[in-house]
């Protein structure tokens with residue numbers, strides 16, 4: 001989820017009521033059966049068979065031996081759409097590691113140092129939660145990349161992704177507190193074309209994906225508050241391929257430069273150099289790919305998607321260093337436009353502020369809604385569809401009040417100039433004592 005560079009003023013919240021739409025059949029949150037898996041079933045037999053002809057009346061009936069019940073095996077493959085629990089696919093509850101990369105130069109010793117390895121082992125549960133979330137992310141996005149096509153509505157895409165995430169981690173988030181255990185780390189970002197980030201369809205949204213669209217898909221998955229933040233871009237017209245390649249290469253460069261004692265401003269310079277080496281030809285015009293300079297990567301803290309450190313994607317004088325134990329989202333945004341975004345459009349993303357003040361709320365609807373937010377999301381970002389899903393209605397006045405009182409932060413869509421195209425790629429990386437681990441790395445990107 002994008003971190004916006006600080007601005008002097010926040011755009012005024014603008015929201016509107018809309019009716020809830022029903023998701024496309026087959027994308028609901030009910031657990032689906034994996035039709036590709038062989039399941040063992042119990043044999044059923046008659047308790048007894050009739051006496052043989054000629055047998056004496058009252059003779060004891062012969063009984064067949066009851067066969068022992070066969071134990072049902074754990075699934076060995078994922079269903080389509082994904083509904084098999086990740087914990088069933090990995091019954092030992094040890095989840096796959098991400099891409100481990102050894103440190104270089106003065107930090108090379110860390111890979112084999114006994115003290116650092118001991119420190120690493122102390123955080124195995126923390127790492128395993130992250131790997132659990134990362135595996136759910138990989139399997140969800142694999143389905144999304146395979147199935148999302150022009151003609152799908154953004155609402156169906158969002159429901160398909162979010163239903164999959166909840167099913168894979170085993171928490172539907174409909175009971176009080178359930179979504180705080182595992183599930184969505186933030187609302188799925190589905191930002192089209194010149195919109196770079198923070199767009200998610202509200203109820204009643206009728207937008208449909210078109211053949212010439214460039215779609216940023218930003219998915220957050222958490223387990224026990226440990227959030228994997230990773231994004232990719234889909235384009236169905238090959239003319240946008242260089243734009244996507246620029247962002248993917250720039251993100252990989254940022255990951256390469258990341259590590260203990262790496263200076264954030266210098267990482268931004270490396271990212272910028274790679275990004276600007278790409279060009280895109282559209283309608284006879286050639287555009288240098290520009291990094292969107294007021295969007296940044298960021299640290300991730302438990303239940304807090306935007307920690308205190310920012311990773312610029314252009315060179316800066318920021319001398320802040322990455323440190324052992326940090327978790328970073330390394331993300332880059334490229335644009336054929338101005339390379340600068342502003343807030344515009346209907347708001348869908350919100351989050352309770354970590355430093356939310358204690359305010360005497362006058363509106364009863366605001367008090368009631370804050371109670372719902374505390375019990376279901378805490379400080380995790382949420383969207384209006386998530387409130388709809390919990391059965392909340394007529395909450396906009398209360399939500400506006402919470403925003404106005406500084407209790408809840410709103411995140412409007414972030415857009416470059418109209419007619420331009422933007423792309424995004426992002427990974428989450430753990431700065432471990434011994435190695436750096438790109439926790440969300442997959443075969444796709």
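The backbone N, Cα and C atoms fix where each Cβ goes, glycine too.
If you check Swiss-Prot, you get these features:
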type	residues	note
BINDING	198, 306	substrate binding site
BINDING	218, 229, 426	divalent metal cation 1 binding site
BINDING	229, 298, 331, 426	divalent metal cation 2 binding site
COMPBIAS	60-74	compositional bias 'Basic residues'
REGION	1-89	region 'Disordered'
| said: Radius 10 Å, atoms counted are CB only; among the binding-site residues 198, 298, 306, which position scores highest? | reply: 198
| Are there residues of the same chain, six or more positions away from residue 331 (divalent metal cation 2 binding site), whose CB falls under 8 angstroms from its CB, and which are they? | 2, 229, 231, 251, 295, 296, 297, 313, 424, 425, 426, 427
| field | residue 218 (divalent metal cation 1 binding site) to residue 306 (substrate binding site) - Cα separation in whole Å | value | 14
| request: Rounded to the nearest Å, what's the C-alpha distance separating residue 306 (substrate binding site) and residue 298 (divalent metal cation 2 binding site)? Just drop the number here, would you? | output: 6
| Just how many other Cβ atoms lie inside 10 Å of the Cβ on residue 229 (divalent metal cation 1 binding site)? | 31
| query | In whole Å, how far is residue 198 (substrate binding site) from residue 298 (divalent metal cation 2 binding site) when you measure between their Cα atoms? | reply | 15
| Reduced DSSP assignment, residue 229 (divalent metal cation 1 binding site) | strand
| query | What three-state secondary structure does DSSP assign to residue 298 (divalent metal cation 2 binding site)? | reply | strand
